[in-house]
Structures are given as C-alpha cells and as structure tokens.
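Scroll down for the structure; my scribbles are underneath it.
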Amino acid sequence: MLLVTKMLLMGLEIFPLSLVVLSLLTFITTYIIAVSQKHVTPYLPYISDTGSKSPESCIFGQLLNISTMLAFATMYVRYKLVASMVNIDSTRLHLLNKISLGFGIIAAFGMSVVGNFQESNVLIVHLIGALMVFGVGALYAILQSIISYKMYPEYNGLSICRIRAAISCFSSICFITTFAAAAAAGKNYKNDPLHWQPEMKGFAAHIVSTASEWLLAISFLSFFMTYIKDFRKVEIDIAGRVSVSHLDDCTSDYLNERSPLLR
C-alpha cells in the first residue's frame, strides 16, 4: 500500500519507472510460466519465445500493450523536455528531437506488434515488429545520446551524456550480435525453435543470440532509467479551450479571431 501511495505522489518520472518495472515483470512472469508448462527449455530462450503459446502469450501481449503506452508517454515527455529547454533558434537540434520522437513511436509500436503477433502464428509480422523495437529503438537511443551531447553544458552534465552514449553503443552491438548469431544458429537447424538442447548443432550460436537479445532489452530499459532524474523536474500542463457555450451548439456560430479561414 505504501508503494502504491508513493507512486501516486510521483511526477512524470512514473512513466519511465513504470515502463521498466512492468517490462521486467512481463519477461520474468512469462519465462516462469513458459518453462513450467514446458513450452520452452530453460536454456535462455528468446524473450518472445516465452510469450509464444497460451496462456503466457495472453499475459505477454496484454502487458506489452501497456508497456507500449508507457513508452509512448516516456518518449513524448522527453521530446517536450528538450523542445522546451533548447533555444528556438537551434533548428538542427529541434529537427533531431522530432526525428528521434518519430523513431521512438515506431519502436514503441513495434513492441505492441511483437506482443500481439506471436512467432508461432505470424512469424514475418513478428520479425518486423522485432526489427522495429530493436533496430529503430537503437537509432532512437543514438539520436537521444547525440541530443544530450548537444545540450551540454547549458542544459545537462557530461556524465549523463557518456552514460547514454555507452548504453546506445552497447545496444547497437547487441542488436547486430542478436541477428547475426541467430542467422548462424538457424543455418542448419530444422527442429522445434522453442526447444533447443545443448547437444544440438548451432546451440552455442543460439545462446549467444538469445543472451544478446536479453542484454539488448535490458540496455533499452537502462536507457529509459536515465530519464527518471530529469523527469522529476518537468511539468506538462494540458489546457482545454471550449469554442461553444453549449456542447450541442455548432462551432460555426461562434466565430472569432481564432477561427480558421478555411474549413
């Protein structure tokens, strides 16, 4: 109860914190269920392998959908933070910020795709979602690291720049390793991809691939953790403006200087 109360009293840092906690909870829960149901072997399966079959697939998809919304919120707050602090004349930095937000939206949407299109049902769509999460997500981290350096020393310290740069470089290496090792492991493998065994050919490459994927996911969550301190100092106001005096009225009856010339 005390933990819930503390979370309710939090500011915008609740978005990245909730994203990290919920994502880790999702991965651990589905892994335990999948192994206990013998749907996967305990030898470090891919994250999405643990959400491939029912009932764990239901939990995996539902919680990843929630994580997607938390990721959207987190990256939007980061976008607004940079847009609000940086000088209006810094057009290049504002452009980088917008591109980064676009990459972030694609990566977050890919998370939902991965959760809703299991590899055992629609493999090609699942792989596209994985590329969106990990590939475009790595680009998001790289751009945000560049933005952090460009905001130094006026708006943030050097240490956070180095931390984000290190995480983004590590995630990029893990991304390449994950897919390269997966290609090597699956080259001559024709058995059930959910039940790898140590004696199977390509098992070592498979473990390298799955370990890299887990490290990649953890590195992304670590990157979002770097936002928590910054978000404690940010507030976003949402102001409503009603253009009618009665909600059944037509807005065209209330024209003023803010009314658009063309409809």
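Placed from the backbone N, Cα and C atoms, the Cβ positions cover glycine too.
Marked as transmembrane segment by TrEMBL: 12-34 (among others).
Looking just at the domain 'CWH43-like N-terminal' (13-233), the mean pLDDT is 94. Taken from TrEMBL, the feature domain 'CWH43-like N-terminal' applies to 13-233.
The transmembrane segment annotation in TrEMBL covers 59-79 (among others).
Long-range Cβ contacts of the transmembrane segment (99-117) within its own chain (Cβ-Cβ under 8 Å, at least 6 residues beyond either end) map to 48, 51, 60-65, 67-68, 71-72, 75-76, 78-79, 125-126, 128-133, 136-137, 139-140, 143-144, 147. The transmembrane segment annotation in TrEMBL covers 99-117 (among others).
Among the features that TrEMBL reports, transmembrane segment is placed at 123-143 (among others).
When Cβ-Cβ distances below 8 Å are used as the criterion, the transmembrane segment (163-183) is approached by residues 134-135, 137-138, 141-142, 144-145, 148-149, 205-206, 208-209, 212-213, 215-216, 219-220, 222-223, 226 of the same chain, each at least six residues removed from its ends. Positions annotated as transmembrane segment by TrEMBL: 163-183 (among others).
Marked as transmembrane segment by TrEMBL: 203-224 (among others).
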